[in-house]
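One structure below.
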């Protein structure tokens, strides 16, 4: 800074920051004369940076030890901590100074001379957490004092003159957790005084003069039930309870003399219980009393009455009805000595000149100035008067001097030490990092620092911090960061990262350019693709996408003459062969049609499988033919409709056709033949002219007639093959009616389903999992406890029921996965008899035998706290969120922020910081046997306050960063 420290902040045009011994200088060169200089000066001085004589740094405004008598103006709006301790403030006025300080959270007003806080003085201070009023001269507490402090959590009222706490003293302070009333003059606390402090967890009532009469009876029970009080507050009066802890006093020992009101802080005269009172008249007549009740004095004799004009009212009052027996005599003024109040004429009660101060002092004892050594006198109903003493004195009249350390002149945690020769002299033993007569000066630790590589030094308390430049780290910026480490390297696409003195440098992989190798170079800009081929850019090269018929690396090879099979469109994996000058498609099992385009045979292998045919034509007249092969006795072949359904089913090996019109009696016919011999049988169903004909293998038909007026097939409802749809399973559906003998799905093969002479394509149906294509091979094998499943490569195999295994499903299975039919997947046992198939990528279906979605490597990476990403080589990996590690981001090591009072134990005493402390607590797990623990610590010195009233300063080591480190 080219100017002196006193010139900081003047004539600012450019904001160039410069730290100098705790000050922030913002300096610029300016024109020394002319209108421009004047304009800049006025503009910059319109926004003061810090109150005069105060010290401002890092949102802390320190105005302590300045002997100011009021809160200064122009406090920066960003202030978070305001230090006003060790000054001479006597009254906190309601000026609204805190309304503009929305970020303020700590106010220190300790060691002032505050006797009065005006209602609303803290209006607008809702963000304040801590208020320190230690070592002031407050003699009472009322709720209006703290209006506006809704967010207050710690209230320090130590070492004041407070004598009584009312039940509304702390109204509105709902969030206070710590309240200290240590070393006051408390004699009593009214019931309910702490009821509004709903979150109170620490209460200090030590070093007070409690009068344990009936007014404190409630407090003993309250302290026993609420384990929040610090130490053991003790009684000082009456004498038989002196030094007895409040919690240990029995309830009957809390006694009051007659006339004391239990809910009052000050004893007030009351009406005797035997009498009635109206204003100044006490009536005890006709009460059968054996002794005089305790009442206010029955006479006013033997009192030094000063009979001037101001006492005329009393003379007139006693003369009315002779309320006084004639013994009260005047003691003054001159000429009225000895005269009776009852008989002296009214004209004698005259006022002449000033009244002697000795007389006035009998009504107002403070007029005689009983408080010495600059003590302040206060009228007191209980004690007549009370003196508020300066910090250096104590006693009834402030007559006893104290040592010089009482006012705590040493700041910043310094220890005050008395001079052995002169009691009024002292010296301060400063903690590390501070110096000066009162430990006010923060020693500049940056004068001899080790910050390297151009780092800036920031002074602290007994330490300094190095502000490292880019790419450097470490306590003194001695280490260059590993900018090429995973997660930090800017180089993309597997490029090589090099560490240089100016930062990371990327050596790009072939095909990429740019500072970070992020640009894919377009190799198609200079391609040699021929025959109108399309160039496709690739990593470090290109490829040519050839038109139909062309081939070669550059599509330079022309198409060859096309064969007949090139023109044939054989589908579903069919093989094309040329015979007799024509192309023929050789279909795989289960498919048919000239181009093998239709799936004509299917095998039902699951218990609840079915096909659904919709968009049926030419209903209700129908001619249905299908071929069936099964070894099961029961199972549904065809189903149409819902409440008025028609069904074709296997029943005990026979074919049954049933019709249920719903509102009319049902009908059913049966085949004479049984067809559950594992061979294919042709089932033909013809509906025509109100009749249904059923024939097996072309034999004689069985007829169902007399269906006049009834539709035989529902043209709107779908046709189910091999089972019933899910919506037929309602209580009123066909399964609950007598026509369907067995509601189970069909198990076996169905092929060549014709409806009205049209071969049905099963690929155009809605197929539930458990239906597989192909039937023909299953005629060669018999499955005892299972269903045959075709296999193009190995021939037919048995798909066994749960609990059975073996080539023919005739052996009990100890393991349900033994003999499982999972084609492209893993068998997962469900119980002793059943299992499920967990398919590998690319397959689906109950037996994992159907092609599924394309392979996705990320499916096998369940990133718990992160997301799966693909590398350039196609490998999947987990990109973890902050605080998590591990291949699946399942190892957590993170620091949870904590802000609370820091506690330590000294013997049997608990001590905690006077202000809240921030740190982090480590939790979680780490890989490879490492432990989640503190990775970076910080040392800070804090002031502690103990439950026994002691206080001290100590350095605390707190965690600021967590990580995976070696286990201790």
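Each residue, glycine too, has its Cβ placed from N, Cα and C.
Where the annotation comes from TrEMBL, it is an automatic prediction and has not been curated.
As recorded in TrEMBL:
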- 389-398: disulfide bond (DISULFID)
- 430-439: disulfide bond (DISULFID)
- 468-477: disulfide bond (DISULFID)
- 508-517: disulfide bond (DISULFID)
- 546-555: disulfide bond (DISULFID)
- 587-596: disulfide bond (DISULFID)
- 778-788: disulfide bond (DISULFID)
- 800-809: disulfide bond (DISULFID)
- 817-827: disulfide bond (DISULFID)
- 839-848: disulfide bond (DISULFID)
- 858-868: disulfide bond (DISULFID)
- 880-889: disulfide bond (DISULFID)
- 364-399: domain 'EGF-like' (DOMAIN)
- 401-440: domain 'EGF-like' (DOMAIN)
- 442-478: domain 'EGF-like' (DOMAIN)
- 480-518: domain 'EGF-like' (DOMAIN)
- 520-556: domain 'EGF-like' (DOMAIN)
- 561-597: domain 'EGF-like' (DOMAIN)
- 600-775: domain 'Laminin G' (DOMAIN)
- 776-810: domain 'EGF-like' (DOMAIN)
- 813-849: domain 'EGF-like' (DOMAIN)
- 854-890: domain 'EGF-like' (DOMAIN)
- 893-968: domain 'CTCK' (DOMAIN)
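Feature map: TrEMBL annotations on the structure.
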{"residue": "398", "record": "disulfide bond", "DSSP class": "coil"}
{"residue": "430", "record": "disulfide bond", "DSSP class": "coil"}
{"residue": "439", "record": "disulfide bond", "DSSP class": "coil"}
{"residue": "477", "record": "disulfide bond", "DSSP class": "coil"}
{"residue": "508", "record": "disulfide bond", "DSSP class": "coil"}
{"residue": "800", "record": "disulfide bond", "DSSP class": "strand"}
{"residue": "817", "record": "disulfide bond", "DSSP class": "coil"}
{"residue": "839", "record": "disulfide bond", "DSSP class": "strand"}
{"residue": "858", "record": "disulfide bond", "DSSP class": "helix"}
{"residue": "880", "record": "disulfide bond", "DSSP class": "strand"}
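For residue 880 (disulfide bond), the nearest of the disulfide-bonded residues by C-alpha distance turns out to be 858; the candidates were 468, 587, 817, 858. Contact count against the domain 'EGF-like' (442-478) (Cβ pairs under 8 Å) is highest for 893-968, out of 520-556, 813-849, 893-968. For residue 817 (disulfide bond), the nearest neighbour among the disulfide-bonded residues 430, 468, 858, judged by Cα separation, is 858.
Taking a C-beta cut-off of under 8 Å and a sequence gap of six or more, residue 430 (disulfide bond) has these contacts in its own chain: 410, 412, 414, 436, 439. Most Cβ neighbours within 10 Å among the disulfide-bonded residues 389, 508: this distinction goes to 389. Residue 398 (disulfide bond) and residue 596 (disulfide bond) have their C-alpha atoms 117 Å apart, to the nearest angstrom. In this structure, the C-alpha atom of residue 827 (disulfide bond) lies 47 angstrom from that of residue 555 (disulfide bond). Sequence-distant neighbours of residue 596 (disulfide bond) (same chain, 6+ apart, CB under 8 A from its CB) are 570, 571, 572, 573, 574, 585, 586, 587, 588. Contact between the domain 'EGF-like' (401-440) and the domain 'CTCK' (893-968) is supported by 3 or more Cβ pairs under 8 Å, counting only residues 6 or more apart in sequence. Ranking the disulfide-bonded residues 468, 839, 848, 858 by Cα distance from residue 809 (disulfide bond) puts 848 first. A strand conformation is recorded for residue 868 (disulfide bond) in the three-state DSSP classification.
The Cα atom of residue 800 (disulfide bond) lies nearest to that of 848, taking the disulfide-bonded residues 477, 546, 839, 848, 868 as the candidates. Each of the disulfide-bonded residues 800, 827, 848 was scored by the number of other CB atoms within 10 Å of its CB, and the largest score is that of 800. Look at residue 587 (disulfide bond): DSSP puts it in coil. Across all of the domain 'EGF-like' (364-399), the predicted model scores a mean pLDDT of 80. Summarised by DSSP class, the composition of the domain 'CTCK' (893-968) is 0 helix, 56 strand, 20 coil.
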